[in-house]
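TrEMBL annotations:
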- 31-255: domain 'Radical SAM core' (DOMAIN)
- R40, R94, T129, K191, R294, A295, R296: GTP binding site (BINDING)
- C47, C51, C54: [4Fe-4S] cluster 1 binding site (BINDING)
- Y53, G98, S153, M225: S-adenosyl-L-methionine binding site (BINDING)
- C289, C292, C306: [4Fe-4S] cluster 2 binding site (BINDING)
Amino acid sequence: MSRRIIPVADLSAAPVISGPLQTPSGALHDTLARPLRDLRISVTDRCNFRCVYCMPRAVFDKDYAFLPHSALLSFEEIERLARIFVAHGVEKIRLTGGEPLLRKNLEFLIERLSQLTTPTGRPLDLTLTTNGSLLARKARSLKDAGLSRVTVSLDALDDTLFRRMNDADFAVADVLDGIAAAQAVGLAPVKVNMVVKRGTNDSEIVPMARHFKGSGAVLRFIEYMDVGTSNGWNMAEVLPSADVIARIAEHFPLAPLEAHSAAETAQRWGYADGNGEIGVISSVTRAFCGSCTRARLSTEGKLYLCLFASAGHDLRALLRGGASDADIATAVAEIWQGRADRYSQLRGSNMAEPGAQDARRVEMSYIGG
Ligand code: SAM
Ligand code: SF4
Ligand code: SF4
């Protein structure tokens, strides 16, 4: 029997416009005065990996019902929505998934999105997060289509451990080739994301730091998060970023660096010898909800205001129901103006509530990281 474990589809509703039409001004704020600046677009819910912390094989198996093609937003639909979000102030678009490079002809979408400019005429920062398995093959065409940069996920250099973590027998060498290809075509600076699970891959922290030090790629360590409900998350498996920094500093002295921007999720640390930098994303131990300017669009066109949301807003229903751009822009404005999400800040108190950890939440592979 096929199954889907993402209940949010059932909880999501088509937006109902309640006020007068709102013309985008490029300056939309939520209830906590946070502007809308980043849009993450999931272009597929499928993936060729089965990372244990994201799409465990026991859940995402041969009976798992991925979305049918007709449910996915088309490139035309994505572009139409992206244009509206950009008019509302979005400056950065990240394509994600699932594995975004599995979406057929993704370059056509990138070509369209790369033509968009902000209300002040600046080009968008157009990036993509990938597991890197298809990157060596695609780096050139992605760059030619107008992609600015890539972020590549890599959780270990040890090949046996990496294969165990992706649970699909992909080799480290494939991902390293992908990173090299991205650097060679100028999709730079490449960021490399490592999710750290205590007791699983924390032994790889120092080898990864050593490998990428001075390589031009910026390695970032992500605290293992309690996204979704399928990965069996447990606080004991979170290694705080402070420990990551301490472990690296034992081998390579580090000094804190200024953030590039207020909305930056990573805290930057530079090697004392000047030979590169690393970042830590402390989603669990140091919440950054106060500066969260991100909205997420799922593969089937639902707008999520937080990575930990349990319901989205069905923009596809508007698109396919004949709504005008003005209607959709107004719906997006009203949704963002009503946003109060700050899950990570509240996580500590959430945990204390009985049953809180069982709350139904969207899966990371459905809305992207
Ligand atoms: N498949 C692509 C990839 O792996 O880069 C893009 C989608 S993936 C959902 C985006 C990012 O989320 C990856 O860097 C992945 O490591 C991260 N991620 C997934 N589950 C996570 C979790 N439970 N905690 C922290 N990061 C997670
Ligand atoms: Fe796939 Fe990325 Fe999730 Fe791994 S983290 S299973 S590569 S979507
Ligand atoms: Fe943003 Fe939600 Fe993450 Fe807080 S928990 S930083 S609001 S996505």
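Quick reminder: no glycine exception, Cβ is built from N, Cα and C everywhere.
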DSSP three-state assignment for A295 (GTP binding site): strand
Distance check against R296 (GTP binding site) for the binding-site residues C54, G98, S153, C289, C306, keeping those with Cα within 10 Å: C306
Top Cα neighbour of Y53 (S-adenosyl-L-methionine binding site) in the set of binding-site residues R94, T129, A295, C306: T129
Among C54, C289, C292, A295, C306 [binding-site residues], residue with fewest other Cβ within 10 Å: C289
Entries of R94, G98, M225 (binding-site residues) sitting next to ligand 2, with Cβ under 6 Å as the cut-off: G98
Close-lying binding-site residues around ligand 3 among R40, C51, Y53, G98, T129, R296, where CB distance stays under 6 Å: none
Sequence-ordered binding-site residues from Y53, R294, A295 with Cβ under 6 Å of an atom of ligand 1: Y53
Per-region confidence, the domain 'Radical SAM core' (31-255) (mean pLDDT, whole number): 96
Between M225 (S-adenosyl-L-methionine binding site) and T129 (GTP binding site): CA-CA distance (Å): 17
Three-class DSSP secondary structure - C289 ([4Fe-4S] cluster 2 binding site): helix
Residues flanking the [4Fe-4S] cluster 2 site, with Cβ no more than 8 Å from the Cβ centroid of C289, C292, C306 and excluding those residues themselves: R34, A287, F288, R294, L305, L307, D341, R342, Y343, S344, Q345
Local backbone state of R40 (GTP binding site), from DSSP in three classes: strand
